[in-house]
Amino acid sequence: MSTHANHPFHLVDYSPWPLTGAIGAMTTVTGLVQWFHQYDNTLFLLGNIITMLTMYQWWRDISREGTFQGLHTIPVTLGLRWGMILFIISEVFFFISFFWAFFHSSLSPTIELGMVWPPIGIEPFNPFQIPLLNTAILLASGVTVTWAHHSLMENNHTQTIQSLFFTVLLGIYFSILQAYEYIEAPFTIADNVYGSTFFVATGFHGLHVLIGTSFLLICLFRHMNCHFSSSHHFGFEAAAWYWHFVDVVWLFLYISIYWWGN
């Protein structure tokens with residue numbers, strides 16, 4: 001029986017990566033729980049290595065299928081677009097839960113918090129120092145990633161590389177400043193609901209910045225190897241959508257937690 005069919009859809013081959021990815025994720029979570037209970041972090045590191053290797057090889061296969069084998073046809077790309085859109089929508093609701101927790105606690109502070117917000121004993125960050133600089137950095141990175149998209153659409157190879165490089169650089173700079181802010185923070189995640197909501201919301205956003213930076217870095221390497229064209233570059237578009245989503249979430253974080261919540 002022939003495995004070929006007269007349709008435009010990509011029927012993927014058998015792959016070990018979903019299995020190894022599941023093993024890596026389970027090992028990582030198990031190792032993290034062990035680490036929390038003062039055990040060795042070896043299992044956690046092993047899980048991360050398995051997961052990273054799986055991600056690299058899985059994405060390598062997808063890049064090969066879409067770039068060299070021509071398997072990402074227009075209907076397949078349309079399905080990928082809808083998948084990315086639904087993924088970003090799910091991420092929106094993920095962050096809505098953190099904003100809900102923050103506003104629930106700040107708009108009706110309990111007696112245990114002294115019925116004030118920020119709670120007694122909490123010294124919040126000055127919103128016009130590092131947080132404002134981080135806002136400017138992410139807004140600038142949104143401009144550079146749009147510059148990269150327009151350059152790619154115009155087949156300007158050099159400017160696409162330059163703008164993607166600046167975007168990745170700004171993402172790394174943001175992460176460094178966020179790490180410095182955490183180190184210098186006058187409160188911790190254990191300091192009542194303010195510390196919990198602050199570090200969980202900004203921490204998950206910081207994780208998304210790291211993911212987005214990695215996403216754009218891969219796009220930079222792929223573009224340097226001529227994987228993208230002006231008409232076939234959904235991998236880059238997905239990274240740009242994700243990065244703009246990260247920008248918008250940060251604006252809400254800055255306005256609600258750093259500025260209004262202060």
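Positions of Cβ are set from backbone N, Cα and C atoms, glycine also.
For the transmembrane segment (16-36), same-chain residues at least 6 beyond its ends with a Cβ under 8 Å from one of its own Cβ atoms are 42-55, 57-58, 61. Marked as transmembrane segment by Swiss-Prot: 16-36 (among others).
For 42-59 (among others), the entry in Swiss-Prot reads transmembrane segment. Tertiary proximity for the transmembrane segment (42-59) is limited to same-chain residues at least six positions away from its ends with a CB under 8 Å from its CB atoms, namely 15, 17, 20-21, 23-32, 34-35, 218.
Among the features that Swiss-Prot reports, transmembrane segment is placed at 83-103 (among others). Sequence-distant contacts of the transmembrane segment (83-103), counting only residues of its own chain at least 6 positions beyond either end whose CB sits under 8 Å from a CB of the stretch, comprise 193, 197, 200-201, 204-205, 208, 238, 241-242, 245, 249, 252, 256-257, 261.
Positions annotated as transmembrane segment by Swiss-Prot: 128-148 (among others).
Swiss-Prot lists 163-183 (among others) with the feature transmembrane segment.
According to Swiss-Prot, the transmembrane segment annotation covers 198-218 (among others). Tertiary proximity for the transmembrane segment (198-218) is limited to same-chain residues at least six positions away from its ends with a CB under 8 Å from its CB atoms, namely 59, 91, 94-95, 98-99, 101-102, 138, 145, 164, 167-168, 171-172, 174-175, 178, 182, 187-189, 235, 238-239, 242-243, 246, 249-250, 253, 257.
Here Swiss-Prot flags 240-260 (among others) as transmembrane segment, drawing on sequence analysis.
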